[in-house]
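> Got a structure here, written out as C-alpha cells. Questions coming.
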C-alpha cells in the first residue's frame with residue numbers, strides 16, 4: 001500500500017513541476033519577443049538567420065571533428081576525444097571574441113583602432129617569415145611553447161576591414177581626391193599585408209582576399225575598366241608566383257589529371273572522390289565512415305568535407321551548402337541595412353570572406369580547382385580557424401547591432417501590434433477620426449471637423465446630417481458629440497427619421513452612403529421605357 005502511494009506521489013510530482021517549466025518557457029519566449037519587438041524586422045530577421053546558421057555549422061562541425069579524428073587520436077595513443085576537446089577550447093574562445101566584437105561599435109575598432117591592428121598584423125606576418133614553423137612546404141605558424149597559431153587567419157580580417165575603410169573614404173569622403181592617390185594608398189595599406197601572406201606561401205588565403213577585394217570594388221561602383229586592368233595584372237602575378245616552385249606546379253598538374261600520380265600527389269584527391277562516391281544519397285551514417293581509418297590523410301582538417309560526403313551523403317552536403325548560403329544572404333541583408341557605406345562594405349566583405357573560403361575548399365575536394373590546404377570555416381579542426389571564423393561573424397553582427405535606421409511606417413505598425421511592452425500593457429494607438437479600442441469619449445474637435453467636412457461637401461453650411469436620399473445623417477457641428485441628442489428629420493419623400501447621433505457602428509460607414517432611389521409607379525416606369 002505504501003509503495004502504491006509513493007508511486008502515485010512520484011507520478012504527481014512531475015505534474016506539479018510542469019506548470020513551472022511551462023512558465024519558464026513562456027518567460028523566455030516573452031523575453032525574446034520583447035527584445036525582437038524593439039528591433040525592426042528588416043534588421044532582426046537577417047541577424048537571427050546569421051546566428052542560427054552559424055550555430056548549426058559550429059555544432060555540426062564539432063560532431064564531424066570527433067567522428068573524423070577519433071581514430072587518429074587512438075593511433076597517436078591519446079583519447080578518441082582529444083581533438084574534440086582542443087576544438088571545444090577554440091570554440092569557446094571564439095564565442096567570447098564574437099560576443100565582444102558584436103557588442104563594440106564597429107566604428108571603434110574599424111576606424112580608431114584600425115592603425116594599431118594593421119601594424120600588429122604586419123608585424124606578426126614578418127615574425128612568421130623570420131621565426132615561423134615550416135609545415136607541408138609553407139611557413140605559416142608561430143609556436144609559443146605548446147601553443148601554435150596561424151597569423152594569416154587574423155591578418156585576413158584586418159585586410160578586409162582596411163579595404164572597406166579605404167574604399168569607403170574614397171567613394172563617400174573623397175579622400176584621397178585623385179584615383180592615382182587612391183591606388184597608392186590601397187597598394188600599401190591593402191597590398192602589403194596581402195603580399196606578406198602570399199610569400200609564406202599561402203596562396204589560398206591570397207586568392208580569397210583578392211576575390212573579396214575585387215567584389216568590394218564592384219559593389220562600391222568604382223570604374224570597371226581600370227579595375228579589370230588591375231585585376232588582370234594581379235592574376236598574372238599570382239600565377240607567376242604560384243607556378244615557380246615544384247610543389248605548386250605538381251598541384252596544378254594533379255588538378256588536371258589526378259590519376260597521373262595515384263600514390264603520390266594525387267592520392268588525397270582520388271580518396272576524396274571515393275569518399276563522396278561511397279556516401280551516396282544519405283551516407284553511411286555519422287561515425288560509420290571508412291576513410292578516417294588512415295585511408296584519407298588530414299580527414300579531420302582539409303578534407304572534412306569528404307568525410308561529411310561519405311557519412312552524410314549528398315543530402316548532408318546540400319544542407320551544409322544551404323547553411324553557408326544563408327550566411328551570405330544574411331550578411332548581404334545586414335549590409336543593405338547598414339547605417340553607413342563603411343558598414344555595408346564591412347558586412348558584405350566579411351560574409352564573402354567566409355563563403356569564399358568554403359567554396360575554395362569544396363572546389364579542391366571535388367577536383368574542380370587545385371588543392372589549397374585551407375580549412376573549412378566552422379567545420380575543420382583548428383582552434384585558430386574557429387576563432388577567426390567566429391570573429392568574422394562578430395564583425396557582421398556588430399554592423400547589425402549598431403544599425404540605427406529611421407523608423408518606417410511598417411516598423412510602427414509592427415510595434416503597435418504588441419500587447420505587452422516592457423512588462424506593461426502597450427498603449428492603444430489611435431488614428432485621428434477613429435476610436436477603435438479606446439474606451440474614452442470622442443474629442444469635440446474630431447466631431448466638429450467631421451461635421452464641417454461633411455457639410456462642406458454637401459454644400460449645406462447649417463445642417464450636420466446627410467441628405468435623406470442617402471439614408472441617414474450625422475450630428476451637426478454645433479452639438480456635443482459626447483452626449484448626442486435625438487433629432488427628427490424628414491427626407492424628400494416626407495418620411496420622418498429619428499437620428500440618435502454618431503454611433504460606434506456609424507464610423508464604419510463610408511462618407512458617401514448608398515443612394516436610395518425613389519420608388520416609381522407603373523405609369524412612371526412605362527414612361528421611362530418610352
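The first residue you see is number 1, and the count goes up from there.
Note: Cβ is positioned from N, Cα and C throughout, glycine not excepted.
No curator has checked TrEMBL annotations; they are predicted automatically.
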> With TrEMBL as the source, which of 159-175, 227-243, 244-260 is set down as transmembrane segment?
227-243
> For the record in TrEMBL, which of the ranges 180-199, 280-299 is the transmembrane segment one?
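My reading of TrEMBL: the transmembrane segment range is 180-199.
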> To which of the residue ranges 6-25, 26-45, 386-405 does TrEMBL assign the term transmembrane segment?
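Going through 6-25, 26-45, 386-405 one by one, TrEMBL flags 386-405 as transmembrane segment.
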> Quick check on the annotations: TrEMBL lists transmembrane segment for one of 341-366, 419-444. Which range is it?
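Checked against TrEMBL: transmembrane segment maps to 341-366.
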> If contact means at least 3 Cβ pairs within less than 8 Å, sequence distance 6 or more, would you call the transmembrane segment (386-405) and the transmembrane segment (88-106) in contact?
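Per Cβ check, the transmembrane segment (386-405) touches the transmembrane segment (88-106).
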> Same-chain Cβ contacts of the transmembrane segment (180-199) under 8 Å, 6 or more residues past its ends?
118, 121-122, 125-126, 129, 152, 155-156, 158-159, 162-163, 166-167, 170, 205-206, 209-210, 213, 230, 238, 241
